[in-house]
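Since the structure comes first, as structure tokens, the remarks are kept for the end.
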């Protein structure tokens, strides 16, 4: 169950962060509406992925995904835009990922 959940979180992050990045590129970097449109499609697809999480609680899944989004956004920025996080960015992402583990995978 944990493996499936992690894969779904990674897929959700790629779709949401990638979609937002495509919209940003289309509008802010003036790459055009095709980029922005592709981003909107990716963002829409992200909305479906959370529904496949093994945990049935929407609030828990989306709260935990927030931590994945934090770390994933920093990683995306590093890969796609050459962003270099400082130690506080890394520390914050680590705290967020610990939160993901507690929220999603702590024994209940």
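Backbone N, Cα and C atoms are what each Cβ position is placed from, and that goes for glycine too.
Per Swiss-Prot, the feature transmembrane segment maps to 6-26 (among others).
Same-chain residues lying 6+ beyond the ends of the transmembrane segment (32-52) with a Cβ under 8 Å from its Cβ atoms: 8, 11-12, 15-16, 18-26, 58, 61-62, 65. Residues or ranges marked as transmembrane segment by Swiss-Prot on the basis of sequence analysis: 32-52 (among others).
Outside the transmembrane segment (61-81) by six or more residues, the chain places 9-10, 12-14, 16-18, 21, 50, 53, 55, 89-90, 92-94, 96-97, 99-100, 103-104 with a CB less than 8 A from a CB of the stretch. The annotation transmembrane segment is assigned in Swiss-Prot to 61-81 (among others) on the grounds of sequence analysis.
According to Swiss-Prot, the feature transmembrane segment maps to 87-107 (among others), an assignment based on sequence analysis.
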Quickly jot the same-chain residues contacting the transmembrane segment (6-26) by Cβ under 8 Å, restricted to those at least six beyond its ends, or write none.
32-46, 49-50, 52-53, 64-65, 68-69, 72-73, 76, 80, 100
